[in-house]
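Undergrad: My structure is below; once you've seen it, I'll send some questions.
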Amino acid sequence: MTSSKEEMPDEMVSREVEEEMEDRVEETATTAAACTGCAQLHKDIRQDVSKMMSKIDEVCGRLEALISEKEKVLLEQMSESGSEEKYPPSPTESRASPSSVGKSNGGCRKRKPTKESVNRHLENGGSDSPFEKITRNISTPVSASSPFPDFQNFNGFVFDPMANPQNMMNLLNLVQQQQHQAAAHHHAQQQAREQKPVKAEESKQQEPSENRNQSPSASVEQTLLDQLSMQFNGKSPSPTVHASTAAAAGSSEDDTSANSSISKCSNCSTIKTTAWRRDLEGKLVCNACGLYYRLHRTHRPVHMRKDFIQQRFRRRMREDENPATSQAAVFSQLLGLPSMANGGANALTFLEQINQLNQSQEQRKSP
């Protein structure tokens, strides 16, 4: 009897559940058949939610990929530089293990070492790891690119020059050698540049030396000076003085004519002028032609050419007004001039000046 009583409520419960399920199915069917807009709305919402979930999954995947790539790049940089303490840890490592921050900053120069780093160093027996040895042996780019063999030991010189004075002395010696080589090279270039003008000057000096050999000797110049001093002292000059002065005047005229024949006006073909000028084309013209063209903007006519130089009349001054023109003043001026041993041309020019002074004095004395 008891078993039959227990089976009866179980059957009743199962029947009630089945009836409830059937009622719900009927309700859903009636609602679906009654409202199609709600069904379409639910469908669109499901599609949008699925799209959003897929996009969120893609973003998460990309973030994980970027984080992993960044960690790889940091590890590569740390392996190349050989110092794991220069770069901060990644955010994932700091979140996962906070103790790693203390480990990474344990061996920093600017901070006090932690107990963990000190204990780890003591456990290793104070010996460096093979990774640190390798990083120490790696040469810097400066030492690798340096042409000097001893420059590889200068890694610590930049920070502390007194720690390795031998390397510092080697560097100073190398710098001095480079400076000496540069100075020698510069000196050689200057000598090569100076050789060309020196050769030109030597060739120019040879020509006047030949002309000097043809000039009168120093003894002849001394005799001329003696005769001049006798003339100023009041003694009558010997006939040799007149001959020498005439010869000197003739030779000076020949020299002036030879020198002036080189210069010639391109407009009027004159060879005597107070100053030489250049026209617009760069040709050589006399002073008169140049001034005429500047004033009238036309070339000077040929019929206006003059073979002599026109001089303005100047007021003649007496000897009292101008004592510098007296014989004593002229003689003292001649004695104060430079020596006559440089060449015969200087003596000839002095003779011409003396003749001109004598002529001017005679003209003043004449009524």
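Placement of Cβ uses the backbone N, Cα and C atoms for every residue, glycine included.
Take a look at what Swiss-Prot says about it:
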- 1-16: compositional bias 'Basic and acidic residues' (COMPBIAS)
- 92-103: compositional bias 'Polar residues' (COMPBIAS)
- 114-123: compositional bias 'Basic and acidic residues' (COMPBIAS)
- 193-210: compositional bias 'Basic and acidic residues' (COMPBIAS)
- 211-243: compositional bias 'Polar residues' (COMPBIAS)
- 1-24: region 'Disordered' (REGION)
- 74-134: region 'Disordered' (REGION)
- 177-264: region 'Disordered' (REGION)
- 265-289: zinc finger (ZN_FING)
Undergrad: By Cβ distance under 8 Å, which residues at least 6 away from the ends of the zinc finger (265-289) in the same chain are close to it?
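TA: Beyond its ends, the zinc finger (265-289) has Cβ neighbours at 299-300, 302, 304-309.
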Undergrad: Using DSSP, how many residues of the zinc finger (265-289) fall into helix, strand and coil, respectively?
TA: 3 helix, 4 strand, 18 coil
Undergrad: Treating G and I as helix alongside H, and B as strand alongside E, what does DSSP give for the compositional bias 'Basic and acidic residues' (114-123) in helix, strand and coil?
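TA: Summed by class, the stretch gives 9 helix, 0 strand, 1 coil.
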